[in-house]
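> For reference, TrEMBL lists these features for the protein:
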DOMAIN    88-230  domain 'Peptidase S54 rhomboid'
TRANSMEM  12-31  transmembrane segment
TRANSMEM  97-118  transmembrane segment
TRANSMEM  130-148  transmembrane segment
TRANSMEM  154-176  transmembrane segment
TRANSMEM  188-207  transmembrane segment
TRANSMEM  213-231  transmembrane segment
TRANSMEM  259-276  transmembrane segment
Amino acid sequence: MENKPYAPEQWRAWLTPVIFVVCIIMFVYTMHVNNCPAKTADSHQCVLRDILGRYSFQPWKENYLLGPSISTLRDLGGLDRNLIVRKNQKYRLLSSMWLHAGIIHLVVNMTSLMLVSYRLEQEFGFARIAPLYLLSGFGGSLLSCLHHKGKKEIVSVGASGALFGLLGTMLSELIANWTIYANKCTSLSVLGSVIALNLAFGFIPGVDGVDNLAHIGGFASGVLLGFILFLRPQYGYVSEKYIAAGYDAKHRQPKYMHYQQLCWIIALILLVLGYIT
């Protein structure tokens with residue numbers, strides 16, 4: 001009889017590159033609609049107007065991230081609490097995550113996407129990454145709306161909530177599947193430091209335009225979804241073709257530990273309550 005350790009199947013990552021391309025296309029389309037030279041009183045203030053033409057960026061004093069105007073982002077589906085509540089435009093809870101406030105914003109988010117999401121998709125497949133990405137972004141938008149209550153001029157955009165959801169899932173996946181990891185304490189320390197630094201960045205004095213509540217909402221959603229969608233069997237199983245004659249397979253341990261099952265139940269309850277209340 002030969003024991004085979006549990007080895008997760010390696011999936012081909014295609015969803016992550018698709019998200020990457022869609023976000024790039026949406027940014028180009030956003031700048032096309034924005035058309036700074038045509039909509040700005042002094043078109044010479046548009047950044048890189050002579051090179052980019054209608055795709056040039058808003059003046060520095062208006063958008064230091066090199067991007068469109070707030071009104072353009074609002075028109076294309078940016079997160080605006082007043083429009084969601086008063087005009088029932090709930091689609092903005094999802095559409096806002098495909099828009100970006102500027103090319104700097106886009107580059108930072110897409111770099112993070114490829115570094116984090118690509119590996120997760122290879123390990124767990126697109127069927128888990130897709131709901132994780134969307135629900136984390138949705139959770140970030142929900143918490144952001146609560147934070148922006150009464151603020152008329154706030155429009156929030158970006159994939160940051162979904163990306164923090166990926167980080168949250170990496171943390172809960174490590175905890176939920178603790179027994180199968182080597183160097184687990186080191187992995188937890190490194191991951192915890194990365195998460196803490198990313199969250200702390202938004203609270204640095206002088207750093208404006210960061211939607212911290214969207215980050216926290218996405219992160220919390222990702223942690224809960226990690227306990228629901230990313231559990232792994234916790235023991236080295238024996239493949240049926242390697243079971244020797246006379247071996248009683250009924251005495252094998254269950255695939256999932258009791259603490260994993262408990263985490264799954266608690267996370268599901270908290271996630272549902274968080275979305276409906």
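A Cβ is built for glycine as well, from the same backbone N, Cα and C atoms used for every other residue.
Each of the listed features needs to be described in terms of its position in the shown structure.
Per-residue confidence over the domain 'Peptidase S54 rhomboid' (88-230) averages 85 (mean pLDDT, predicted model).
Counting same-chain residues at least six beyond the ends of the transmembrane segment (12-31), those with a Cβ under 8 angstroms from any Cβ of the stretch are 52, 54-55, 57, 67-68, 72-73, 76, 98-100, 103, 106, 109-110, 113-114, 117-118, 121-122, 126, 129-130, 133, 159.
Residues 13, 15-16, 19-20, 22-24, 26-27, 30, 57, 63-68, 73, 76-78, 129, 133, 137, 140-141, 157-163, 166-167, 170, 209 of the same chain lie 6+ residues outside the transmembrane segment (97-118) yet bring a C-beta within less than 8 angstroms of a C-beta in it.
Within its own chain, the transmembrane segment (213-231) has Cβ neighbours under 8 Å at 79, 124, 128, 131-132, 135-144, 146-147, 156, 158, 160-173, 176-177, 195, 198-199, 202, 256, 260, 263-264, 266-268, 270-271, 274, counting only residues six or more beyond its boundaries.
Same-chain neighbours of the transmembrane segment (259-276): 138-139, 142, 172, 176-177, 220-221, 223-228, 231, 234, counting only residues six or more beyond its ends whose CB sits under 8 Å from a CB of the stretch.
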